Amino acid sequence: MNCCSFASFLVHLAAIGVEETTPFEKLGEGGFGSVHKGVLADNTLVAVKKFKGVDKAQMNEEFQKEIGIVSQVNHKNVVKLLGLCLETKVPLLVYELISNGTLFKHIHDKGSQILASWSSRLRIASEIALALNYLHSLADPPIIHGDVKSVNILLDNKYTTKIADFGASVLISPGQTNILASKIQGTLGYLDPEYLMTGILTVQSDVYSFGVVLVELLTGEKPNSISSSGEKLNIIQHFISALETNNLFKILDFQAADEGEMDEIEVVAELAKACLNRMGVNRPTIKQVSDRLAMLTEHTQKSWTQQNNDEMDYLLGETSTSSRKEVDQPILTPSQTVISFQIENYTDSI
């Protein structure tokens, strides 16, 4: 069987349609290639990116660029590169398979329950910002993603967030914050307007795109939606207008559970608005955004833990009272039953 190796990994090429056979399953397609399910020799499922290009030179250039970027990355919220294939007509990159699909799917599929609670949306937003902060400040060399959007944000089997697709990404020197792009890349609706006008890609371009994703998470609307009357709706303008006229909660995609959540939602909405400033210099850095979201997430977790501890104390108090009453009963009739049980402390994580 035709196969190729990377370290100890073997990818069965026929399963992903490299030989022009029927593809195993296409997971997605972007400007630089398509992504298919593949399988390793040990039957582990993987995601295989099959590159495409106008000519072989361009295809190889994009392939080498992406390898140069993703090989520098090691973060729990960034999809992991497992291997590559060079012994084929087109180059292949082998990534871990992220099983629960894209954030885009879960936002816009109204049957999805993953985003039913505000805490889930907040956690996902915080994890995206954490990953972007890693790319901008902690990766060596730093990386501008260049195409931050809900389609490029994946959720694994534990619903942990993973940023994917580095086809439009660029490496920058430490201390450098921008690069003059040879061509505009990215996705309309998420693209930084300053980048569109000047052709200069900056770390703040990712911040703008992240702001659009925040608006998606809050409203459940696509960047370029169609209104009920059939007209095109600029969700960014609609969102900012609602925020400035105190109508934010009329356009949310979910119900806040209590006043505490409403306060957090307003903070995140203001963060989104700041990220969407048309001038990059006036936007917060992704570190500032990440730190603020992390504080909110931590506060939410503490509130959840305190609430459950209060409920546990209440139950334990009732149990103690019940036990004392049982001690006061010296004689039990045959029809009476003593039920004893132990309540253990438990913790959960979002």
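A Cβ is built for glycine as well, from the same backbone N, Cα and C atoms used for every other residue.
In TrEMBL this protein carries:
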type: SIGNAL; residues: 1-21; note: signal peptide
type: DOMAIN; residues: 21-296; note: domain 'Protein kinase'
type: BINDING; residues: Lys50; note: ATP binding site
type: ACT_SITE; residues: Asp147; note: active site, proton acceptor
type: BINDING; residues: Asn152, Asp165; note: Mg(2+) binding site
Secondary structure at Asn152 (Mg(2+) binding site), reduced by DSSP to three states: helix
Lys50 (ATP binding site) and Asn152 (Mg(2+) binding site), distance between Cα atoms, whole Å: 16
